[in-house]
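Here's the structure we're looking at; comments come further down.
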Amino acid sequence: MATGDGIIAAPPSLESSSLDPLHVLPASSSTAARSLATSIPALTASFSVVSGFSSHLPPPPVTPPAPSTMVGWIGWIFSFIFQVIPSVLYWIVTFTTITLPTWLFTLFSMSLTFTMNFTTLLLIALAVVSTISWFIRYRFLNMYSRLPPEPQRKEPQLDLFPDVPDSDTKPGLANYLDEFLSAIKVFGYLERPVFHELTRTMQTRKLIAGETLLLEEEKGFCLVVDGLVQIFVKSMRDRKSGSDEELNRMAGESSDEDDHRPDGRQGYQLLTEVKNGASMSSLFSILSLFTEDVQLRYADSSASSASSIGPGLAIGPDSFPASPREMDDSPHVYQGDRLDPASHRNSTAEDLPAVPPLNLGESQVPPAHSARSESRKYSGKTRRKSVHPDIVARAMVDTTIAIIPASAFRRLTRVYPKATAHIVQVILTRLQRVTFATAHSYLGLNNEVLGIEKQMTKFTTYDLPNELRGSALDRLKDKFIKERDRLGQEEVTKGIALHNPYGGRRPRSSSFRRKEAALQAKMVASKRPVSMVAQDSALSDRENSGVSPGDLLSTIQLSRFGPRYEHLAPRLLSPLTEKEHSPLRSPSPMIPGRASPFHRKESLDEDALFRESILECIMKGIGLTGSTNDFLRKSSHPSGDVSPKLLSYDSRRQKAVFSNNAFGFIDPYEGSADGESESMMSMSVTSAGGTSPIVNLREELRNDIEIVYFPQGSVLVEQGERHPGLYYVVDGFLDVGIPVDDKEEDLVGSSRPAHEELFPMLRRTNTSSSRVSGSAAAANDPRRKKQSRRSLYLIKPGGIQGYVGAVASYRSYTDVVAKTDVYVGFLPRASLERIAERYPLALLTLAKRLTSLLPRLLLHIDFALEWVQVSAGQVIYHQGDESDAIYLALNGRLRSVHEGPNGKMTVVGEYGQGESVGELEVMTESTRPATLHAIRDTELAKFPRTLFNSLAQEHPGITIQVSKLIAQRMRDLVETPLAEKGGEPGVSGTVKTAKSTLNLRTVGILPVTAGVPVVEFGNRLLQALHQIGVTNGATSLNQAAILNHLGRHAFSKMGKLKLSQYLADLEEKYGMVLYIADTSVNSPWTQTCITQADCILLVGLAESTPSIGEYERFLLGMKTTARKELVLLHGERYCPPGLTRQWLKNRVWINGGHHHVQMAFRLTAEPSHPQTKRFGTVLKQRVQVIQAEIQKYTSRRIRQSPLYSAQTPFKGDFHRLARRLCGRSVGLVLGGGGARGIAQVGVIKALEEAGIPIDVIGGTSIGSFIGALYARDADVVPMYGRAKKFAGRMGSIWRFALDLTYPTVSYTTGHEFNRGIFKTFGDSQIEDFWLEFYCNTTNISRSRAEYHSSGYTWRYVRASMSLAGLIPPICDEGSMLLDGGYIDNLTVDHMKGLGADVIFAVDVGSIDDNTPQVYGDSLSGFWAVVNRWNPFSSCPNPPTLSEIQARLAYVSSIENLERAKNTPGCLYMRPPIDPYGTLDFAKFDEIYQLGYAYGKNYLEKLKREGSLPLPEETEEKKKLQRTLAPRRASI
C-alpha cells in the first residue's frame, strides 16, 4: 500500500478479480457453490470477503454449456438454480440489514454549519415570496386568461337561391296553358266542373300589330295568352269629343304615352301594358259579368220606404248628386228592360203575355225599349256604356287573346251559385286589397273611396213601420234611460244592450237542424193521412218558388215547428208584412183569425217586434228579399191575373230572364267546412220536413239582433278597425268622418315630440302599414287632442252603417261617432258571414251596387293595377334593371338585397303587408339599386309607371301624395346615423335586424326534433299575444284546424288552392297568425308552416342533446330565406354557462337571434289509454318517485328561482317573445360614467316596481356592467349584490397600488380590474343571458364602433370599461378594444335598430365645463398654475392636458348623445349625479338611493301625464270593443 500519492493497494484477490473478471467470477462462483454444498461454517468464514465483493458487483452470469447432449442442458439448469438465486437473496438481505443502516448512521451523525448575513436572508425570503406569489398570480388568479377561446358568433351569410324559371321558357302547349291558368288565378280556386263550365265557350282571337280593340264593346273576360297589348284611356279633358278620329290617328302612330292633337288637346293616355298571362279586364268588369241580372234595390212601395227606387226603375243622375259618373246610361243601373229576377224559368216565351213592362210610380224609363236596342247597334254615340268606358287596347306585336264570353258567366251564375258566390267574394276581397287600399292609403283618394260608402246609403235605407214610432219607441227609450241613470258615464259610453231572452242560447249547427228536420218529417209523414201529405206537398211547391222574410207566416205552418213556435206566433208576425195592403196578398189559411198585432199591444213583446222589424229592414238592405218576395206573390196565384209590375218582359230577346235563376230563391244548404258539392244545388230548396231555409235563418238572426243605446259622442267604429257588424239606426244620427291633423304637415312631414308616440302598440295601426299609427283611443283620451275629425255625412234613422265593410269583410276607412243619443240595431259580423256563405245573393247585390257606383278614376286605377302572385324565392326584379313599376305587398314578405362590388350581399330592407317599394326609382327613372325577391309566397299589386304618369297629368294631387311619401323616406335615410349605413361587421346587422322585426304577420313554430311540446308552446304564446294587445288580434293554426276547414279537399290539388286562399284571408283578418307544426316531419302541413312563415321559431329543449334535428334538416332542404330564431325551453329559470354556444355552434342558419323561455313541460306524453296497474309497474313507479325526491335534495344544482319580482304578469318570457315578434320590445340603454353608473341600479329597481318589462338591454362602460348583471338573471336582487361587491373592490386603493406598472401603455396592468369583473361573471357567456344584451366598444385598430352580443361576458364588459391610459386595451382577434363611450356613450340608435319600440335611456356621463375662455392667443403654464390657486382671479381656469385629451376623445359621442335625446320613442333620463366623481365607488349606497328616488319620481311624472307605456293601457283598448260584449241592462 503506497500512501504517499494517496493510492491504496487492493488485496490480491480483488486485484486479480478486477484484472480478469471473466476468469475469476466463474471460479469464485463454483467455489462458493461447493462450499455451500459441503458446510455452512465455510460460508460464514468467507462472509466478509464475499460481502464486500458482492456489494459492488451484480450477480455473476452463468455461461450455458454447449448443447451437445441432453445431460449437459439439465446440468446447466440445476447449476443456475443453485448458484444465481441464492446469490440474489443473499445480496438483498445484506443490503437491508447492514449497508443501509450504516449509511443512515453516517448521515445523521454528520453536522453542518451555515453562516450568512441579514441581506442574504432577506434576498432569499424575497425570492421565495416572489416565486410563490408568481405561482399563485399566474396559476390560480388568472383563470380568466386560460379559458378556451370562444370568438364572437359571425352573422350568417345571406343565401340567394337561383331564380324560379320563367313560364315563357316552356315550349308549345305548356306555355299556353300556364299563361291561361295564371290569368284566371284571380278567381281563386275553381273546382273541375266550374272550370269546365267557365272555359268551354272560351274563344281565341288574333290581333295583328297595331290593331285596336274597343274593350267597352267586349262583353267578356279578356286575357293575353301571347304577345303584348297596351291599354289606353281617353283623357278627361277630351271626353266629349268624338273617338273615331282619335282611334284612326292612334292606330298609325308610335306607342307614346300621350298622344296630342295638332291643336294641343290631349287624346288617349297609356294606362298599362299587358303581357303574357295577364288579364285585360279589371276586377270591376269581372264583377259586372256576374251581376248583370241582380237588382240594385228591393222594391218597397209602402209609405215607410225611405226611397222610391225600385227594381224596375232607372236611377237618374239626380238620384246621386255626389256621383262622379253619369248613372243614367249605365247598364247596371238601368233596369227598365230587365225582367224581374223572380220570374219562373220553367215557363216558356209562348206562355208569357206579349205586353211591355209597366212601371208603377215613375216615368223616367224610356217607353220604347226595342227602338233603343236597335239604335244601340248602329249608333256609337247612343250606345250604352259598359262598365269600362273609354278604354281601348292596342296590340304592339302579333298577339293572341282569349275571351270568356259573358254568357259563360251568366250560365255559371245559374248552375253553380255557390261557386259564383265564392268567386265574387274572392274578387271583392282582392278589390279591397288592391284597388281600394291603394287608392285610399297610398294615393290619398279619400273622397273617391269614401264617396262609394256615402252613395251606398241610397240602396240600404229602409224605415221602420210607423206603428213602431211614437209611443212604442218612447217606451223603448224609457228602458234605456233608467239603466243609463244607474250606470256611470264611463260604462254608458261603451253602450247599453237591451236584454235578449233568446240571445244566450247557442244556435244549433245547420247540419244538425237538417238532420232533425228530416227525422221529424219522416215521423210526421208516417202518422199523417195521405191527404195531409198531398196538401203539404202542394204547399212545398209554392215554397220552392221563393220565400221572403216578410212572408214567413203567410206560407209556413207554425205547428210544424212545435209548441214553442206556436206560443211565439204573435211575436213572429212581421210588422212590415201587416202594413203592406197588396191586392195580391190573401190571408194565410194556416193561421186562422190572424189580426194585426199592433192592435193587441197587451199580448205583444215589443222588444221582439223591434228585433223582427230591424231584421226585416236589414235583410232588405243587403238584398235578400227583393226577388224572392215578388216571385212568391206571383207563384202563389198561378190562375189569377198577373200584375205587369211583377212580370217584366224583354222585347229584344223575346224570353223571360231569371225564369229559374238560382238566386231567385235562397239556397238552403250552408257552406260547410268540407266544401259540399255543387250538385246538391239541384235538390229541393226546402228542408225534408217542408221547412223553408229562410226560417232557420230568421230564427238564428232573431237571436243575434241586439238593440243598443249609445250616448252622444260614443265611438261605434274606428278607422282601421274591422267592422264589428251592421248598425241599423232606429233613432238618432250617426256621424261618419275621418280623423285629420290640426297642423298640416309639410312635404317632408313633421316629427312628433318624443312623448307623443311613446307606445305605438297602444294605438290601432292603419291597414296599409304597421308603421303608421292610427287612433284607437277613446274620445276623451288626452293624447288625441292634436287630432280633430272631419265629418263626411250623416246616417239618419232607417239607414245602415257598415254595409260594405261588414258584408265584404273590409276594414273601416272612417270613424263612426254618435252625433246624438242614438238607438241602433246591431247584427254581428259572424252572422253576416254566415249569411254571405249560405245565401250568395247578398254578395252579388253588393257587387252590383259597387259596380254601379264606381268613379271613373277608380275604374282606371283598377284597370291598370296588376295583381301578381310570386312564389317563395322568386326574384321580382334584379339590381340594375329598368324601373317600370311600383310594387305594393298585399300578402307575404319581400326582401331587398344589395350586392356590393366584392360580391357581398347586404340586406337593404324587408317589406311586409301593406308596404311599398320602388317609388324613388320610378319617380327618378333610374335603375333598380337592389334585387327584390320574395321570402315566401307573396301577392303583389303592380303599379305601373305608365299609370302614375297618366294620373299625374290629370290628378296632380296624387303626385303630391306620392312625393310626400318619397320625401319622408328620404328624410329617414338622411337622419339615419352614418354608422348604420356602413358595411362594417360590427354595424352591418343594425339595419337588417330593424327591417326584419317590423310588420311580421306570420310566425312558424317548428320543433327541432320530435317530442318538443310545440302545441303547448304555441298556445301560451298565443295567449301572450292576446294579452299584450296585437292589432286586429292573433290566431293559431294546426293540422286539426286545417283539416276541419278543407274537409274532403284536404289531400287534393283543390285543397292546396283552397288552403292558400284561406291562409291569405286569415292573414288579412288577423294581425298575426301562428303556424304550429304539430305533425311529422314529412307531412304537407309541416311544409306549409315553413313556406307561409315570415319568421320561423325553432323550439328545442335546452337540456336535450344539441345535435341537428330531423325538422331542421327538412327546413334546410326547403331552402327558405325566412328569418329563423332559436327558442330554448328550460324547466327552470337557469341556463348553464356555455349551453347556448353548443346549440348555436352548428346552426349557422340562425339569423334572428335566440330566446330563453321557462316552461314546465312533460318529457313523455301522457298515454291516451290508461295502463293497467300491475304490481311490478306500481312498485317501479314508486321507486322512481322516491329516487327523484332524493335527488332533489342531494343534487348540487342551485335552484335558480328569482328572489324578487314585481307583481306584474307582463314580465313573463312568453310576453317578452310576443313583444319581440310584434316589434314592441322595451329597451333599456345604460350610459357610461364610472361610479356614477351605480345610480342605474336604483333606476332599474324603480322600473321593476312600476311593472315596466324590459326586453333588450344595451350598455356602455359601467352601463355594460350594470346591464349585464340585470340581463343575466332578469332580477334586481342578484344585480344589487354583485354590483355592491364589485364597487367594494374598485374602492380599494391598495388593489390599484399593487397593480401599478411602468406607464408605457397604461398606469396599471389591468389584472385587478380583470379579476374584479371575472369574479362577478365567471365563465358565463352573453348568449346564456336570460335577456338579450349587447355592449359597445371602440376598435382603435380599425377606428370604428363594435357591438358585441356573443362571447365571454367579462372580456367585452372589460373592453367596454377600458379607459385609455388607466387600463390597457384588451385584445380581441388582433384588434385593440377600448371604452365604447369614446364614439357613442348612449347607444339609442343601435337599440332602435334592434326593433325596440320604447327605449329608456339612462345617461350618467359627466358634463363638460363650457365656460368661455379668454386667456389670449398664448398661454403660460406657470400662470395657469398660479391662476388655479389664486382665489382673487376672475379668469376661468383653462383645461389641463388630460382634460383636453378626454374632451377630444368624446367629441363624436356628444353628437350621438344629442341625436339620441331626440329619437322618437326614447325616454331620456339623467339622475342628478353631477357631484360625484368617476372613481367614487365607495359611495355606493348614497348614489344608489339617489338613482332610485329619481327613477320613481320620473315614472310617476310620466304616469300623471299619461305617457307611461304600461301594458294595462292595452287592456283599456280592448274595452273599446263595444258591441262584442255589451253590458246587459237589467230590464
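Glycine too: its Cβ is placed from the backbone N, Cα and C atoms.
Noted in Swiss-Prot for the protein shown:
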- 1-72: topological domain 'Cytoplasmic' (TOPO_DOM)
- 94-115: topological domain 'Lumenal' (TOPO_DOM)
- 137-1531: topological domain 'Cytoplasmic' (TOPO_DOM)
- 325-343: compositional bias 'Basic and acidic residues' (COMPBIAS)
- 689-809: nucleoside 3',5'-cyclic phosphate 1 binding site (BINDING)
- 768-779: compositional bias 'Low complexity' (COMPBIAS)
- 849-969: nucleoside 3',5'-cyclic phosphate 2 binding site (BINDING)
- 1228-1392: domain 'PNPLA' (DOMAIN)
- 1232-1237: motif 'GXGXXG' (MOTIF)
- Ser1261: active site, nucleophile (ACT_SITE)
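Shown on the structure are the features that Swiss-Prot records.
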residue: Ile705; record: nucleoside 3',5'-cyclic phosphate 1 binding site; DSSP class: coil
residue: Glu721; record: nucleoside 3',5'-cyclic phosphate 1 binding site; DSSP class: coil
residue: Gly737; record: nucleoside 3',5'-cyclic phosphate 1 binding site; DSSP class: strand
residue: Gln801; record: nucleoside 3',5'-cyclic phosphate 1 binding site; DSSP class: strand
residue: Arg849; record: nucleoside 3',5'-cyclic phosphate 2 binding site; DSSP class: helix
residue: Leu865; record: nucleoside 3',5'-cyclic phosphate 2 binding site; DSSP class: coil
residue: Asp881; record: nucleoside 3',5'-cyclic phosphate 2 binding site; DSSP class: coil
residue: Val897; record: nucleoside 3',5'-cyclic phosphate 2 binding site; DSSP class: strand
residue: Gln913; record: nucleoside 3',5'-cyclic phosphate 2 binding site; DSSP class: coil
residue: Pro929; record: nucleoside 3',5'-cyclic phosphate 2 binding site; DSSP class: coil
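Arg849 (nucleoside 3',5'-cyclic phosphate 2 binding site) is surrounded by 26 other CB atoms, counting those within 10 A of its CB over all protein chains shown. Closest in space to Ile705 (nucleoside 3',5'-cyclic phosphate 1 binding site), of the binding-site residues given as Asp881, Gln913, Gln961, is Gln913, taking the CA atom of each residue. A simple Cβ count within 10 Å picks out one of the binding-site residues Gly737, Pro929 as the most packed, and that one is Gly737. When other Cβ atoms within 10 Å of the Cβ of Ser1261 (active site, nucleophile) are tallied across all protein chains shown, the result is 29.
For Glu721 (nucleoside 3',5'-cyclic phosphate 1 binding site), the nearest of the binding-site residues Leu865, Gln913, Pro929 in terms of C-alpha separation is Gln913.
Here the Cβ of Glu721 (nucleoside 3',5'-cyclic phosphate 1 binding site) has 22 other Cβ atoms within 10 Å, regardless of which shown protein chain they belong to. Residue counts for the motif 'GXGXXG' (1232-1237) under DSSP (helix as H, G, I; strand as E, B; rest coil) come to 4 helix, 0 strand, 2 coil. For the topological domain 'Lumenal' (94-115), the DSSP counts in helix, strand and coil order read 15 helix, 0 strand, 7 coil. Classification of Ser1261 (active site, nucleophile) by DSSP places it in coil, neither helical nor stranded. Cβ neighbour count for Arg945 (nucleoside 3',5'-cyclic phosphate 2 binding site) (all protein chains, 10 Å cutoff from its Cβ): 21. Between the C-alpha atoms of Ser1261 (active site, nucleophile) and Val897 (nucleoside 3',5'-cyclic phosphate 2 binding site), the distance comes to 35 Å. A C-beta separation below 8 Å, combined with a sequence spacing of at least six in one chain, links Leu865 (nucleoside 3',5'-cyclic phosphate 2 binding site) to Val434, Thr435, Thr438, Ala941, Lys942, Phe943, Leu947.
Most Cβ neighbours within 10 Å among the binding-site residues Ile705, Val897: this distinction goes to Ile705.
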